[in-house]
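Engineer: Next up is a structure, given as structure tokens.
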Amino acid sequence: MSSQLISLVNTDRIIGKHVFGNLYDIDPKILNDKDFLHNLVLEAVKIANMKLVEIKSWNFGGKKGGVSVIALVEESHIALHTWTEYNYATLDVYTCGENSNPQAAFEYIVSQLKPKRYQMFYADRSSE
């Protein structure tokens, strides 16, 4: 699913580009590796040509377990949340930067997590 979603919309008035999705059947060891996921999101920031402001990551316990990683970038954010019990993750990449590429960040993270299947969506977050 590597279609160029962003190219399907009129880019003259785009204020925000939002690529998000669900990733299924991922190795649970990866989904609980906070350091790996933290570094993965850091690299995605670079690949998408975004400017990092701050990044936070944390494990959460309980029955479902998992990790959350949030990168605050000048252009907006990248958020990755995992659930080890379900071998599942959600990924949200939003940018209002003209030169940043949220789809590149999304596809890079997917390539490293290697889900058996995933869904990718695009939302044009423009003013009109």
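Backbone N, Cα and C define each Cβ position, glycine as well.
Annotation comment: Swiss-Prot describes Ser76 as active site, schiff-base intermediate with substrate, evidence class sequence analysis. The feature pyruvic acid (Ser) is assigned by Swiss-Prot to Ser76. Feature annotation from Swiss-Prot assigns active site, proton acceptor to His81; the stated evidence is sequence analysis. Annotation source Swiss-Prot lists active site, proton donor at Cys96, citing sequence analysis.
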Engineer: Around the C-beta of His81 (active site, proton acceptor), how many further C-beta atoms are within 10 angstroms, looking at every protein chain?
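Structural biologist: Excluding its own Cβ, His81 (active site, proton acceptor) sees 17 Cβ atoms within 10 Å.
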Engineer: Ten-angstrom check, please: count other Cβ atoms within 10 Å of the Cβ of Cys96 (active site, proton donor), all chains counted.
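Structural biologist: If we count other Cβ atoms within 10 Å of Cys96 (active site, proton donor), we arrive at 16.
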Engineer: What three-state secondary structure does DSSP assign to the residue listed as 'active site, schiff-base intermediate with substrate'?
Structural biologist: strand
Engineer: Using C-alpha atoms only, work out the spacing between His81 (active site, proton acceptor) and Cys96 (active site, proton donor) and round it to an integer in Å.
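Structural biologist: Rounded to the nearest whole number, the Cα-Cα distance is 22 Å.
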Engineer: Taking the Cβ of Ser76 (active site, schiff-base intermediate with substrate) as the centre, how many other Cβ atoms fall within a 10 Å radius?
Structural biologist: 21
